[in-house]
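Engineer: I am attaching a structure below and will ask some questions about it afterwards.
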């Protein structure tokens with residue numbers, strides 16, 4: 001029961017006598033059930049008011065400059081670490097993804113744990129990490145099977161041995177058996193009725209986290225193996241858009257964008273979009289010059305512990321050439337259908353800029369698509385995370401990164417971009433369904449002598465014809 005006649009604290013009473021107490025403070029002191037919000041209770045990025053013309057922009061607040069310095073320092077540290085792992089090669093980069101993924105899972109596992117009940121459930125945290133380990137074995141084993149193992153078989157069929165061949169040939173079945181063992185252990189751990197709901201809730205929560213985080217972060221690993229550039233560019237463009245939107249909102253933000261994330265403004269959102277679209281094709285042109293970025297991991301460029309892939313044939317995708325504006329935008333117009341009249345974009349480009357042809361690579365065109373998604377759709381991953389945190393009444397998932405919160409706070413938009421970039425690559429850039437020499441040899445290893453002879457005769461006939 002709130003006592004509405006409670007005496008005002010001395011500090012506020014002195015300020016009230018001078019007329020300096022804000023309505024938010026008096027409401028809170030007088031027993032209101034809402035605490036004063038930042039920015040004067042308004043979702044606008046203004047200080048000291050309800051968002052009217054008398055308020056100040058974030059750039060005018062000294063505390064915000066301190067926050068900007070903290071965020072910038074952390075950002076530079078993250079960029080330095082990211083660049084170091086990239087320079088070390090594919091395997092260290094995959095290891096970095098694996099570490100970040102594990103830290104995200106750890107933060108989310110801890111979010112829904114009730115310590116009091118967990119003490120009554122033996123080995124429950126161990127079960128969570130067992131299921132996670134099984135999922136990691138299944139997911140990353142597939143990548144090793146399709147890249148490292150197959151390229152190894154091409155060079156030295158005896159390198160893996162009988163046990164290694166068996167493990168990778170029956171990898172999916174072994175993964176399923178591992179998960180079933182975990183399920184049996186979970187059922188045996190069920191205790192009193194008072195904990196059934198909690199245990200099954202944690203079981204569902206564990207699998208939801210594993211599927212959500214592991215599926216999307218593993219797409220980044222797939223992109224790394226397609227060529228480092230397919231990982232570096234999507235990650236960098238999301239990071240750049242986030243920084244550009246923050247700076248535009250910091251200096252010009254006035255109009256709130258979405259209630260669930262009060263600090264986001266339309267000025268920051270649109271400014272970040274424009275700046276990102278301008279920078280994307282130039283960044284793509286710079287990145288495509290480096291062989292270690294564009295070479296995929298395949299039979300010609302096998303996966304190595306340190307160092308990037310090299311010695312590959314340059315994909316025409318990364319070669320700049322003269323193309324007509326109509327050929328570039330034709331595919332996008334077809335995809336949009338009736339929303340954009342055929343030839344409209346090319347006509348506007350000719351009328352406004354006098355452009356008939358431009359010298360670009362197709363990777364630069366794809367870079368604009370990535371930039372558009374990173375600027376328009378990927379931020380909704382952050383908005384989703386904001387709503388999720390509000391549901392749990394927390395500000396950040398953790399305080400691992402000064403000025404940014406936890407690892408999950410920093411990776412929310414990246415998770416959305418990971419899945420999109422992987423699906424975009426497999427649907428519009430790479431040809432699906434083709435089998436590499438390594439994949440074929442891995443299957444040949446398990447043929448009987450009779451079937452090997454039949455295959456030998458069939459291949460001989462194909463060569464002759």
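Glycine too: its Cβ is placed from the backbone N, Cα and C atoms.
Because the structure is a prediction, the values reported are computed rather than measured.
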Engineer: Looking at 90-107, 108-125, 126-143, which one is transmembrane segment according to TrEMBL?
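Structural biologist: Among 90-107, 108-125, 126-143, the range TrEMBL annotates as transmembrane segment is 126-143.
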Engineer: Tell me which range among 35-57, 58-80, 265-287 TrEMBL lists as transmembrane segment.
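Structural biologist: That would be 265-287, the stretch labelled transmembrane segment in TrEMBL.
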Engineer: Do you know which of 195-215, 300-320 TrEMBL annotates as transmembrane segment?
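Structural biologist: Matching range for transmembrane segment: 195-215.
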Engineer: Under 8 Å between C-beta atoms and at least six residues away from its ends: which parts of the chain pack against the transmembrane segment (227-253)?
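Structural biologist: Hits for the transmembrane segment (227-253): 44-45, 57-59, 64, 68, 71, 75, 79, 82, 86, 90, 93, 220, 263-265, 267-273, 275-276, 279-280, 283-284, 287-288, 292-296, 308-309, 363, 367, 370-371, 374-375, 378-379, 413-414, 417-418, 420-421, 425.
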Engineer: In the same chain, which residue numbers or ranges, 6 or more beyond the ends of the transmembrane segment (163-188), come under 8 angstroms Cβ to Cβ?
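Structural biologist: 123, 127, 130-131, 134-135, 137-138, 141-142, 144-145, 149, 199, 203, 442, 445-446.
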Engineer: Give the one range among 126-143, 195-215, 265-287 whose Cβ atoms make the most pairs under 8 Å with those of the transmembrane segment (362-385).
Structural biologist: 265-287
Engineer: Same chain, outside the transmembrane segment (195-215) by at least 6, Cβ under 8 Å from its Cβ: which residues?
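Structural biologist: Sequence-distant neighbours of the transmembrane segment (195-215): 101, 104-105, 108-109, 112-114, 117, 120-121, 124, 127-128, 131-132, 135-136, 139, 186, 189, 415, 419.
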